[in-house]
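J.: Have a look at this one before I ask anything.
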Amino acid sequence: MANVSIHPAVDGGVVHGSTEGFAGGTLQCLCASNKVTVDVASQSAHNHACGCSKCWKPEGAKFSVVAVAPRDKVTVTAHPEKLKIVDESATIQRHACTGCGVHLYGRIENKDHAFYGLDFIHTELSQQSGWSPPGFAAFVSSIIETGTPPDQMDGVRARLTELGLTPYDCLSPALMDALSTNVARHKGLLH
């Protein structure tokens, strides 16, 4: 299954280096100069390969690799004027560089959303090592929407499994539980 390319950051195997004591780093867009930079003063969490059609993916990748960090730990530190929200109607407001198109971070503004307070980040845009490694794959079937033939899906899922990235056609069970818990709390069923 090694011939199925997922994403450059995981195609050679998921690296499980030391994350102990890692306190974050800086993300940079791909422009040659006047780079947008975003400081993330926190370790990432829930890092995963995402097959949705909205996340930024490097050229040729079927999946993005995306994680979350606390919103209050994510700060644009250079060239904020180059950032534009990709789709203002989307739940996740993805802030992309107008120069190179890279998504620097995604933010949820709906305070009632289960993931409010978490910003979505692409740790591959950082020179620092120590970020949490990808641990699963989400929205796997969605890669069909971006052109992957359905008859290749068994191979894609097998490759994800081979890489240790359990494939889900939604989010991981822990994240789905968080979404459902949030709904139940808003209904007054849980406290």
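Start at 1 and count along the chain as shown; that gives each residue its number.
The backbone N, Cα and C atoms fix where each Cβ goes, and this holds for glycine too.
Here Swiss-Prot flags C29, C31, C97, C100 as Zn(2+) 1 binding site. Marked as Zn(2+) 2 binding site by Swiss-Prot on the basis of sequence analysis: C50, C52, C55. Annotation source Swiss-Prot lists domain 'CENP-V/GFA' at 22-169.
Walk me through the surroundings of each of these features.
T.: In sequence order, K35, V36, T37, H79, K82, C97, G99, C100, V102, L104, L125 are the residues of the chain that are 6 or more apart from C29 (Zn(2+) 1 binding site) and have a CB within less than 8 Å of its CB.
In sequence order, S64, A138, F139, S142 are the residues of the chain that are 6 or more apart from C52 (Zn(2+) 2 binding site) and have a CB within less than 8 Å of its CB.
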J.: Which of the listed binding-site residues (C50, C97) has the least company, meaning the fewest other Cβ atoms within 10 Å of its Cβ?
T.: C97
J.: Using all protein chains in view, find how many other C-beta atoms are within 10 Å of the C-beta of C31 (Zn(2+) 1 binding site).
T.: 16
J.: If you measure C55 (Zn(2+) 2 binding site) to C31 (Zn(2+) 1 binding site) at Cα, how many Å is it?
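T.: Computed Cα spacing between C55 (Zn(2+) 2 binding site) and C31 (Zn(2+) 1 binding site) is 19 Å.
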